[in-house]
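Asker: Here's a structure for you.
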Amino acid sequence: MRSAQVYRWQIPMDAGVVLRDRRLKTREGLYVCLREGEREGWGEISPLPGFSQETWEEAQSVLLAWVNNWLAGDCELPQMPSVAFGVSCALAELADTLPQAANYRAAPLCNGDPDDLILKLADMPGEKVAKVKVGLYEAVRDGMVVNLLLEAIPDLHLRLDANRAWTPLKGQQFAKYVNPDYRHRIAFLEEPCKTRDDSRAFARETGIAIAWDESLREPDFAFVAEKGVRAVVIKPTLTGSLDKVREQVQAAHALGLTAVISSSIESSLGLTQLARIAAWLTPDTIPGLDTLDLMQAQQVRRWPGSPLPLVEVDALERLL
């Protein structure tokens, strides 16, 4: 016997969260809970404004239609990426095919005063990998901050993300302020320039390795080994079903590329599932999941060690 519930939710965000030049005041999304016999499976559907092609309202419409079809015996996955991902997670939990083991290590997202960051990063246990958003300020400032962190902490490796913010000139301005002796400790820089060709040129000219992120979701993208390209950053909420995520990871690994499972600012429920996916598909790579502190609460499932208050399922708005 099948049954299902769909919940709608909103979580207040910290004041400083800006995506694609717009301030994100609340994170909105949906949960689906599927039950069959004694088993149940959960999934999160939370399109990311400015990055997902679908809106929250469009995802809700597609999800409700899919759930009704599933209750009637139809299991075909929807095409909309955020819905396909959430539904496939729920089905995987239901079938016990999503392993429970999780990778809760995080590459901390570095914000704020560089002196405070140096103290925090120097105290990190184990492998020191951190992430810095660049492209939000002047490229020269970004270069100086990155150089300062790498100089102060000799065993630190940085993942940088420019979100295609730079022209070739700005990319060169950034690189000018990063000591060539430190550049090998930039694990990768995600999508430095507005076009892939400019990003490739940046890698050739600076010796700084790059990673593809937005490019993975463009229709003309193909997985190929290229000089200067070290990694792909896979955001499952923007990608689609678990099968599609696994196919992309396998394609990257076959070329010797690092595949990083990364957050689209999901709630704690979605983040714990991403941690399980990372442990399953990319066990040797620290995932990019350090986004929970951008929110003011957890929901349904806790992220280990987080002090944020937990909102229980009974407090959510039920749609079905």
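From the backbone N, Cα and C atoms, a Cβ is placed for every residue, glycine too.
Source: prediction; values computed, not measured.
What Swiss-Prot records for this protein is below:
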type	residues	note
ACT_SITE	K133	active site, proton donor
ACT_SITE	K235	active site, proton acceptor
BINDING	D161, E190, D213	Mg(2+) binding site
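Each of these features: where is it, how hidden is it, and who are its neighbours?
Answerer: Its Cβ placed at the centre, K133 (active site, proton donor) has 17 other Cβ atoms within 10 Å. For the recorded site, K133 (active site, proton donor), the DSSP three-state label reads strand.
Sequence-distant neighbours of K235 (active site, proton acceptor) (same chain, six or more apart, CB under 8 Å from its CB) are L48, F51, D213, S262, S263, S264, listed in sequence order.
A sphere of 10 angstroms centred on the C-beta of D213 (Mg(2+) binding site) encloses 24 other C-beta atoms.
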Asker: Name the residue among the binding-site residues D161, E190 whose Cβ has the smallest number of other Cβ atoms within 10 Å.
Answerer: D161
Asker: Quick one: pull the CA-CA distance for K133 (active site, proton donor) versus D161 (Mg(2+) binding site), whole Å only.
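Answerer: A Cα-Cα distance of 5 Å.
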Asker: Taking 8 Å from the centroid of the Cβ atoms of D161, E190, D213 as the cut-off, which other residues in that chain fall inside it around the Mg(2+) site?
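Answerer: Those within range, site residues removed, are R159, L160, A162, N163, L189, E191, A211, E214, V233.
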